Amino acid sequence: MNPVHADFFAGGAGAERTLRGNLAAFDRLRIVPRVLRATGDRDLRTTLFGAGLATPILVAPTAFHLLAHPGGEAATAQGAAAAGTVMVVSMAATQPVEVIARAGGPLWFQLYPQPDPGFTASVVKRAEAAGCRALVVTVDSPVFGRRERDLRNGFTELPAGLVCENMRDDTGRVRDIAMDATAGWDRIGWLRTVTGLPILLKGVLHPADARLAVEHGVDGLIVSNHGGRQLDGAIATIDALPAVAEAVAKRIPVLVDGGIRRGTDVLIALARGADAVLVGRPVLDALAAGGATAVRDRLRELTAELDHAMALAGARRPDDLTPDLVAVAG
Ligand SMILES: Cc1cc2nc3c(=O)[nH]c(=O)nc-3n(C[C@H](O)[C@H](O)[C@H](O)COP(=O)(O)O)c2cc1C
Ligand SMILES: O=C(O)C(=O)c1ccccc1
């Protein structure tokens, strides 16, 4: 891969403390297994918003898949579908959501609400028409993160021929993705009037925001710091998760992403209160290395690692994973 594009995928904001911190936080946690639980075969099936998945490991929304592989987002969708899970399509996808939907599914659609409400509504309608089953509203990006690798590399625009295909308006012109620092909770109420799809907020770290989200009728939360690409210095997601899960008190699903690289990381996230997890860079790395089959195999590998770790920890189903199974290393 072009090293400038490799830096775009791998990099984070500022000094990359949060990027590293997501991984380091898992290094400090240990599993306290149970014995003689007679689990037999494990059952990893997971239901989210009424749809059954083979695994609690989903594909996080990430931009610009055509920079990683000529199959683009369609290849990722095919891989996710073969692994029996959801792909969250980024608003910054380089292929049209209709094309991605033909390659796989189930899909959810990630949205940066745009300052132009008419255009935002048209993007939501388009995702709905393509078959997306939930809307993931990214709320950790009132402004774009300062990615110093991209600034050093001068990576400011896509190579010729690539565009954010889901940013075309009705004249066919491609709009730039805007970050909107004027968005407040009223924006979520407005989105409710636009779509009947489940609405998840992505990028919640503070338990007070988790409570507000439930009060505003949000259907799900993703505890995320954008893979360390937005606020450098933000708390590691696995450390933020317990307080968010406690604030939500099982009223809506709570998902988490950031630094999940092993099945044991998934086990710890589920034990700390997540209903499911998402993976970003592991999928991008697999896509770059081998397209749809590599994406499928990476998701299956993570799922097999989770299954194995659950057997060793004495859990049959994700619901058997509880906070007492995780300790902070001394
Ligand atoms: C290259 C790249 C592009 C991303 N693009 C988006 C995006 O368009 N929308 C979004 O909400 N999150 C985006 N994210 C954040 C991911 O959804 C996710 O929060 C993060 O990658 C999870 O951390 P992990 O990569 O350690 O698994 C992006 C992340 C990466 C690495
Ligand atoms: O890179 C990202 O993390 C991201 O979210 C994004 C959003 C819009 C355009 C390009 C990337």
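Quick reminder: no glycine exception, Cβ is built from N, Cα and C everywhere.
Among the candidates R146, R147, R192, R262, the residue that TrEMBL names alongside Y112, H226, R229 for the glyoxylate site is R147.
Ranking the binding-site residues P61, G259 by how many Cβ atoms sit within 10 Å of each one's Cβ puts G259 at the top. The Cβ of R261 (FMN binding site) has L23, F26, P282 as same-chain neighbours under 8 Å, each 6 or more residues away in sequence.
Per-residue pLDDT, averaged along the domain 'FMN hydroxy acid dehydrogenase' (1-330), amounts to 97 for this model.
The Cβ of R147 (glyoxylate binding site) lies under 8 Å from the Cβ of F8, G11, G12, A13, R229, each of these being in the same chain and 6 or more residues away along the sequence.
Sparsest Cβ environment among the recorded positions H226, R281 (other Cβ atoms counted within 10 Å): R281.
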